[in-house]
Amino acid sequence: MPGIVVFRRRWSVGSDDLVLPAIFLFLLHTTWFVILSVVLFGLVYNPHEACSLNLVDHGRGYLGILLSCMIAEMAIIWLSMRGGILYTEPRDSMQYVLYVRLAILVIEFIYAIVGIVWLTQYYTSCNDLTAKNVTLGMVVCNWVVILSVCITVLCVFDPTGRTFVKLRATKRRQRNLRTYNLRHRLEEGQATSWSRRLKVFLCCTRTKDSQSDAYSEIAYLFAEFFRDLDIVPSDIIAGLVLLRQRQRAKRNAVLDEANNDILAFLSGMPVTRNTKYLDLKNSHEMLRYKEVCYYMLFALAAYGWPMYLMRKPTCGLCQLARSCSCCLCPARPRFAPGVTIEEDNCCGCNAIAIRRHFLDENMTAVDIVYTSCHDAVYETPFYVAVDHDKKKVVISIRGTLSPKDALTDLTGDAERLPVEGHRGTWLGHKGMVLSAEYIKKKLEQEMVLSQAFGRDLGRGTKHYGLIVVGHSLGAGTAAILSFLLRPQYPTLKCFAYSPPGGLLSEDAMEYSKEFVTAVVLGKDLVPRIGLSQLEGFRRQLLDVLQRSTKPKWRIIVGATKCIPKSELPEDQVEVTALASTRLWTHPSDLTIALSASTPLYPPGRIIHVVHNHPAEQCCCCEQEEPTYFAIWGDNKAFNEVIISPAMLHEHLPYVVMEGLNKVLENYNKGKTALLSAAKVMVSPTEVDLTPELIFQQQPLPTGPPLPTGLALELPATEHRNSSVRSKSQSEMSLEGFSEGRLLSPVAAASAARQDPVELLLLSTQERLAAELQSRRAPLATMESLSDTESLYSFDSRRSSGFRSIRGSPSLHAVLERDEGHLFYIDPAIPEENPSLSSRTELLAADSLSKHSQDTQPLEAALGSGGVTPERPPSAANDEEEAAGGSEGGGVAPRGELALHNGRLGDSPSPQVLEFAEFIDSLFNLDSKSSSFQDLYCMMVPESPTSDYTEGPKSPSQQEILLRAQFEPNLVPKPPRLFAGSAEPSSGISLSPSFPLSSSGELMDLTPTGLSSQECLATDKIRTSTPTGHGASPTKQDDLVISAR
């Protein structure tokens, strides 16, 4: 809330900040009230002892003071818990209660003095031990409370409080010259106050001219940032809590919408179909990423002994102590003669820590040439090393580690880069521009780079490349230093880890992409803050505070894990409804524009390491580790501060190092994005979730031939997609899905004796129940995607009712041929509308299985009636019975799909109807999809005289059928991107429901034994054809549905 006004002065504390202090004092005074009451009325005192009589009189008076304090503190607690952050009207009487409490405090002060007098007179002579101890406790407690109140008053004292009250009173009446003068005095007073605070914060440092200038610039920056804002520090804390809740609510609302391209949020960043992932399967991309991880070790070593001990708190101290000689053995050589160390401590701990860091990482080929530990404002420590393994000279700049570094960070005005020969104006962060100029000057004066490149001419150091690295402040300084050194070293490369957001202007940022690679981890705060970003953050903070109607204590307490979360203020709350109660600010104060600052952005090409957030487990269950992914970030996308408990933790250098390594670990474990998404997302499609289908090529087993319908023998006709699916197994791990396996002859024969549709229904129903039990919370996970992989169906736009169960059983479609090898396909969850998708697939399976069973025995019945070598006797007998029934003119039972003169009947089988109802009961929650009978009529011609191969006649039926293929739920959606629309470098290929070849073309998955008309009924049953298998044109393919 606005600062409370007491004694006609504004204080840096709000009336709703007094809840906890009042509760603490109330409990303390209640405890002493009980103790003193027991001592006074429960004990018998000697009437002849003067000390006892004085104690009784003093105690009774103090009981009255304690009772008054308890009443006043209860009133303070009650008033502080009323109203909202900016709704101060219910707390208007707080100042009068404080006047009463301060008057009681004065009386307490008098009684504390009396207690000291009593102790000096009677403490040694009084024989009543209880009286002496109680009096001593009361006096000590009183003085502790009094001193605490005095310290608190000094902390919340605002030097500009009187001017602020006058300015507010003047603005209420009119705007005139007096208002301008008061505002000017207020800004100057606030700048002076901030400067004094900075000097107190850096009281142990020696002040130089540059440091004094930094004090002034930062003080004016803070004064301007907080000008006209009548808020207190606790309001900022509550605002951060509310802002985090609002950001999370907005992300959930975006995911629930159906008319946007955002698929998920990873580390607060939106993931769309255009998101570019690092293609780690590409050798060049993998080499580049490993190079980024490698040089992070150099940036980490620049922090010296503090970071070394932080990473290795146990054995690190022993390692340093063994190498340090300190001042006891100055003659002991610790470094090579060619190593220059500047301003290290007496033990040389920083230089030793840098060397130990490389030794611990087995980087023995790294030689330290120069180490500067000099630390001042605009003068950042750095070191230069020669890496003989990589044939590079490395300049590593330290990040923020001292208060002086913080001053350099806070000097964030735009400064012109001292680089000539370019078009436009290149601007950079002032503090880091000055630091880069200092390092460049130091390198030239000490001829450090000449020493490095001439370190070992026999090993070719003269032709080594130059690398500049840094983290945080060092990252920004390294990027700007690269601008300064690039004219002399055109092949220079820079790696900036967690660089500041307000670093380079747009022109300079675009140019830096040629030689700078930046790394950002998760929700790191630093790459998202600059002057322009802070202005937006300021507006968001004020807006969320203005909309809040909850008490501050409830908001802050609700942010803890042990207390239920506070309610998020609704956006529909009319701000004007409380305008009369918010007289603390002028109407234009919330919309004032800060001084126009040039937008600055992070440098180079940004690798954004993001990760998912697994659902929190109970205390007895093991927490699932998050999965890390690397994507290419947009420099202009880091324009909003994402409030999170991890926003500071993910900026630490060793945490960044761990994040980079976890991307490689997840990739090596095969945790790819699409398959992880298949486990947790709510509406994946069949092909998009399995871009790399597993093909297991196994020889035919010795023994009886497999029955019809249990194995898939793909024809040898060469297709255009055969080159990408010829591997025995994909590089991707299909975790969460059972692998395709070859049935044994015995199991195959037993399965063949059952009705294929019944086998399908039983197996699929059991598999579906197990799959629904294993479903996890819907949270997007994704990793490295290549050009051939698709994320189209990775759709996070879901409603709350579909977050637990959406998907349908995997139907295993196989074809059988006579010769060749066997390939098994393990499909995944079908398309977005599970009820419709599975019923269409089931219908096609049922229709074609009956069709294949009834049409194939015709040749055998017309021939000799013998059993062909390719078919088992049982299958031949079934075919004979079917053929005989057909010849005899028998009528098929009602509910079966029988073949009459080459035409299908118009009603599905009972098994199909039963399973369709089961699917509807699970998935058809919204009742928007077509009914099963409608689908059946759409797949099977209504007229008994029409030929089966003709398909739908009217254009409307054709349109419905096509939309049933591509849009299963028949609901209009935004235009979809297909295979050719994604950029090759994006790492994601998009398709409606088809897999892609390595060239980005749609793969032809039509079985060669079926006609184009028959494929209309089998559009959901997709297979792919490897190279080298041909089809016999004279034989009819058998299509049987098999479920595992």
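Placement of Cβ uses the backbone N, Cα and C atoms for every residue, glycine included.
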Residue carrying N-linked glycosylation site as stated in Swiss-Prot, selected out of Asn133, Asn721: Asn133
Same side of the membrane, Val56 and Val393, by Swiss-Prot annotation: no
Among Ser566, Ser733, Ser986, Ser997, residue with annotation phosphoserine (source: Swiss-Prot): Ser733
Annotation match for phosphoserine in Swiss-Prot, from Ser193, Ser548, Ser849, Ser989: Ser849
Candidate set Ser644, Ser744, annotation phosphoserine, source Swiss-Prot, matching residue: Ser744
Spatial neighbours of the topological domain 'Cytoplasmic' (1-22) far in sequence, C-beta under 8 Å, 6+ residues away: 73-74, 76-77, 79-81, 83-86, 88, 91, 94-95, 98-99, 152, 155-158, 160-162, 164-165, 230-235, 551-553, 584-585
Residues of the topological domain 'Extracellular' (44-60) by DSSP state, where helix covers H, G and I: 11 helix, 0 strand, 6 coil
For the topological domain 'Cytoplasmic' (82-101), the number of residues DSSP places in helix, strand and coil: 11 helix, 0 strand, 9 coil
Long-range environment of the topological domain 'Extracellular' (44-60) - Cβ separation under 8 angstroms, sequence gap at least 6: 36, 111, 114-115, 118, 121-122, 125-128, 131-132, 134-135
Nonlocal neighbours by CB distance (under 8 Å) for Asn133 (N-linked glycosylation site), same chain, sequence gap 6 or more: none
Close approaches to the topological domain 'Cytoplasmic' (82-101) from elsewhere in its chain (Cβ under 8 angstroms; 6 or more beyond its ends): 1-2, 4-6, 15-16, 18, 69, 72-73, 75-76, 235, 238, 545-546, 548-552, 555, 578, 581-582, 584
Residues in the topological domain 'Cytoplasmic' (1-22) grouped by DSSP into helix, strand and remaining coil: 7 helix, 10 strand, 5 coil
Beyond the flanks of the topological domain 'Extracellular' (123-136) by at least 6 residues, Cβ under 8 Å: 35-36, 39, 43, 45-46, 49, 51-52, 55, 58-59, 115
PLDDT averaged over every residue in the topological domain 'Cytoplasmic' (82-101): 89
